[in-house]
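**Q** Okay, here's the structure, questions in a sec.
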C-alpha cells in the first residue's frame, strides 16, 4: 500500500507536506540515509550505543522502511507522509541484537526529547502481563507527557489480547494494524487499555525503502505506527501553518475521538478494533474544534 492511498491523506497533504518546525524522531534500527528516497530530507542521526552503519540485515531493513514512510521525498519510489518535517534518527536496534532493554529505550526517548522531537515513533516494545513497565521507562513517558511530546508506539504482533510497552503506558498512542478492507489483522494485539488509547492504521503489505536501494513490502503494527506518527506530524504542521502553537496532546485526542468504528458481524471481535480506525478528515475537523490543551491524566502500573 502506497502512503497516498490512505483515505484522507492526499487531501491533508494538499494543505501541508510538513513543517520544518515539527521534528519527528524514529527510534529503531539503523537507517540507510543514502537511499535515494531520502535525497533532500532533513535527517539527523543521533549518537547512541548502536554505532553500526546500515546493512541488509533485518533491523536496518526495519528502520529504513519505517523512516521512509514519513521522510521519503516527493518523486521517489516511496512517497513519505511528512517529507518536509525534520527527522531525528535514533538507532536503538543493531542487526546482531534485536533486544532492547527498557532502560536503553528510556534513554533514547529522553535523548529525542532533548533534541526537540514533537513526535516520537517506537515500532517495537516488550510484551507484558498487564501493561506494567520498569520505573525508568515510566519516567521517560511521563516526561514526554509533561513536555507535550506525542509518543506513538506499535501495539505488537502477538495476535492476542495482550499488551506491549511502551504502547500500553498512559499518554502513549498505541497503533494496531488493519488490512486494505479496514479489518484488524490477525496478528495485531488488542486489550482493554488499547480500546481507550489505541488506533488502527494500514499495516499489510506496506511499501517502503530497503537498505541499498529499492523497495520492499512489509506487514505489521511496526509499519502502521509510522503512518499514524506521520499523520500526527502533518496535523501539527497544519497548526503551525495556521499560526497556532503545535499541540501534540490535542492531536492525539483528535485522532482518537475521530476514529471510525470497525464493521463486524458479531460483537465478540469488537475489542480488536481498539478505539477505531484512523480517520484523517475527521481528525482535522476534531482538531480545529479543540480550543484548549488537553492534559492526560491516568494511572501507571509499576513493575515490582
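Just so you know, glycine gets a Cβ as well, placed from its N, Cα and C.
Annotations per TrEMBL:
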- 20-265: domain 'Peptidase S8/S53' (DOMAIN)
- 28: active site, charge relay system (ACT_SITE)
- 62: active site, charge relay system (ACT_SITE)
- 222: active site, charge relay system (ACT_SITE)
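Situate these features within the shown structure.
**A** Across the domain 'Peptidase S8/S53' (20-265), mean pLDDT in this model comes to 94.
Around residue 28 (active site, charge relay system), taking its Cβ as the centre, 29 other Cβ atoms fall within 10 Å, counting all chains.
Around residue 62 (active site, charge relay system), the same-chain residues at least 6 positions away in sequence with a Cβ under 8 Å from its Cβ are 28, 29, 93, 123, 218, 222.
In the three-state DSSP assignment, the secondary structure recorded for residue 222 (active site, charge relay system) is helix.
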**Q** Just counting, how many other CB atoms are there within 10 A of the CB of residue 222 (active site, charge relay system)?
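**A** The answer is 27.
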